[in-house]
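If you look up TrEMBL, you'll see 7-122 marked as domain 'Response regulatory'. Marked as 4-aspartylphosphate by TrEMBL: D57. Per TrEMBL, the feature domain 'HTH luxR-type' maps to 135-200.
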Amino acid sequence: MENTGLRLLIVDDHPIVRDGFAAVLRDAGMQIVGMAGNGRDALALAAELLPDVILMDIHMPVMDGLRATQALAQQLPQIKVLMLTLEDSPEYAAKAMQAGAKGYMAKNNCDTDRLLHAIDTVQRGMFVSPYPPTTVSSSSPLTSRETEVLILVAKGKQSGEIARILKIETRTVETHRQNIRDKLGLRSVAELTRYALDHGLI
């Protein structure tokens with residue numbers, strides 16, 4: 001596992017928690033580019049600093065972690081979010097996945113090795129959670145934006161055309177397409193189209 005040099009943003013409403021995680025991760029060779037105490041500040045810092053991975057709490061004032069993660073998935077989908085929370089439940093893990101998080105960990109089950117492994121996993125684009133995928137996944141593991149992209153892909157649209165329709169950058173469409181492939185375990189357009197048909201999306 002090679003996490004050295006990764007740029008991280010830590011988002012938690014408890015300063016002592018932020019400082020604790022920052023100390024551990026700096027010792028592991030990672031760069032803490034910023035810290036925030038709520039989701040709104042996290043969005044602003046993420047847009048400014050463009051970290052590789054964000055450690056995100058759920059319950060915070062002003063804007064909670066789920067809403068912030070959903071906004072990040074729409075605006076900055078290349079940034080990986082690892083949800084790190086006191087909520088040790090598959091229901092919240094499912095909500096995190098729906099919002100666009102790449103990983104979910106409960107703080108009470110989090111030691112240094114597990115945290116470093118989770119960060120390594122999500123920065124490579126894979127989902128990590130203590131719960132089986134069948135427990136975590138709800139009707140769809142995709143965010144609303146990813147679902148929109150999937151529908152257009154299944155209808156035969158190319159990335160440039162999708163970008164124009166959704167009024168986003170072509171590279172953002174490509175990131176969404178990669179996330180869709182990773183989450184669904186599907187590679188070809190034919191497979192994605194079959195998934196969309198099977199799930200009543202088209």
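Just so you know, glycine gets a Cβ as well, placed from its N, Cα and C.
When the domain 'Response regulatory' (7-122) is classified with DSSP, helix, strand and coil residues number 59 helix, 25 strand, 32 coil. Helix, strand and coil counts from DSSP across the domain 'HTH luxR-type' (135-200) read 46 helix, 0 strand, 20 coil.
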